[in-house]
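**Q** Sharing the record's features from Swiss-Prot:
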type	residues	note
DISULFID	Cys33-Cys58	disulfide bond
DISULFID	Cys439-Cys453	disulfide bond
DOMAIN	29-378	domain 'GH18'
DOMAIN	404-462	domain 'Chitin-binding type-2'
SIGNAL	1-25	signal peptide
Amino acid sequence: MTRLSFTVLIFLAAYFGSNIRPNVATLDPKTVCYYESWVHWRQGDGKMDPEDIDTSLCSHIVYSYFGIDASSHEIKLLDQYLMITLHDMEHFTKHKGNAKAMIAVGGASMSDQFSKTAAVEHYRETFVVSTIDLMTKYGFDGVMIDWSGMQAKDSDNFVKLLDKFDEKFAQTSFVMGVTLPATIASYDNYNIPAISNYVDFMNVLTLDYDGPWAYTVGHASALPEQLKTLEAYNKRGAPRHKMVMAVPFFARTWILEKMDKQDVGDKASGPGPKGQFTQTPGFLSYNELCVQIQAETNAFSITRDHDNTAIYAVYVHDNHAEWISFEDRHTLGDKARNITEQGYGGMSVYTLSNEDVHGVCGDKNPLLHAINSNYFRGIVTEPTVVTVTPVTHTTEHVTDIPGVFHCHQEGFFRDKTYCAKYYECKKGDFGLEQTVHHCPNHSQAFDEVSRTCVDHAKIPGC
């Protein structure tokens, strides 16, 4: 690749919109799998090692995280004993299979150091060269730059840093990626047209739109919000095929303020309790949650949005209720199909250690399988049910709270207080699940006999 001056390069990128980076990444949908090295130190089913990664389900596996040395500005190992003495990095690249093995540099605590390193030409050179040396020595195929919290004042220096990587990557097959935030206030801190021309893909952190830091409950990663973020970057110059959408393999949890107030937007008193492995208030890995649901099915009420792109559970125990926003194989499969149909580049998963990699709840890696199986063959979304065939009724006990609907058997049931609202109850992965539907017109009522929406005057009490 012919080198151009930085100024001319940026001009040509903006004017022609051409790709500066060689196209070394696959054009097929990507599944970018983040692996946190520190999960080696967990116990029991929470522990994970590189050998536990099913690389056939990942196009890229990302070893997280590396830092930057404050004195030398070289790439920094954050756990030398694990990474070198225990040969963890070598195990990671040895077991990569056909996936691209990458390193992630940065994270939430590295913004200030990135700012200092990227501001000086000599520091940029040192950091990039040391990164390439490490990747070459241990068999990595590329790097993800995760400059979390970058400020507008650093925008030009970020592009200069990517330009330095581009210079040193010339005539190599190294993969270059960056991570972008989902916060609206941060969008314009990034020179998206310039960045797009330097990278093979952009990992957009479409996570945590709601969480226990806010004292109201809500879907942590609802698809409409995720799509708004992707569209915002697309309007700023990011090609759709270069963006991968981050999805959580974890749940966000709250303690409800009132046990009978369980809808999206209702108040919470704080975060849910720590999980057995993750040990973080308001946070559960999927493998922690699925074990809990299977062990106490009767204490959980699971509600799925009518479009199948969001799901939550309410867990009633010890005189309080937890509200849990999570993903399952159905929501993730729908998201995978939806975004690839729109031309986006795939998904990144946060993180492999949160997946059921050991198969403690059933088959191994159910979430990864759902994502990959839906990239290439579409699943027809079921329309809102107006007429349905008779169903087989099965009865299960669910902890009841006065004034709150719970599924006790499969079927369709009208809400007791709002006749245009009705519930579909059917078997899911974790027992009975309910999906909330509404009649097209608020003056209608749902008729449980005909299973259609009719004029409310035809239904006694409506």
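Including glycine, each Cβ sits where the backbone N, Cα and C put it.
Give me the local environment of each listed feature.
**A** Less than 8 angstroms from the CB of Cys33 (disulfide bond) sit Ile53, Leu57, Cys58, His60, Ile61, Val62, Ala99, Ser348, Val349, Thr351, Leu352, Leu368, each of them six or more residues away in the same chain. Taken residue by residue with DSSP, Cys33 (disulfide bond) is part of a strand.
Around Cys453 (disulfide bond), a 10 Å sphere centred on its CB holds 21 further CB atoms from the protein chains shown. The DSSP secondary structure for Cys453 (disulfide bond) is strand.
Note on the domain 'GH18' (29-378): its mean pLDDT in the predicted model is 95.
As a summary of secondary structure, the domain 'Chitin-binding type-2' (404-462) carries 3 helix, 28 strand, 28 coil according to DSSP.
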**Q** Across all the protein chains here, work out how many other Cβ atoms are within 10 Å of the Cβ of Cys439 (disulfide bond).
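**A** Other Cβ atoms within 10 Å of Cys439 (disulfide bond): 22.
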**Q** So how many other Cβ atoms are close to Cys58 (disulfide bond), meaning within 10 Å of its Cβ?
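**A** By my count, 28.
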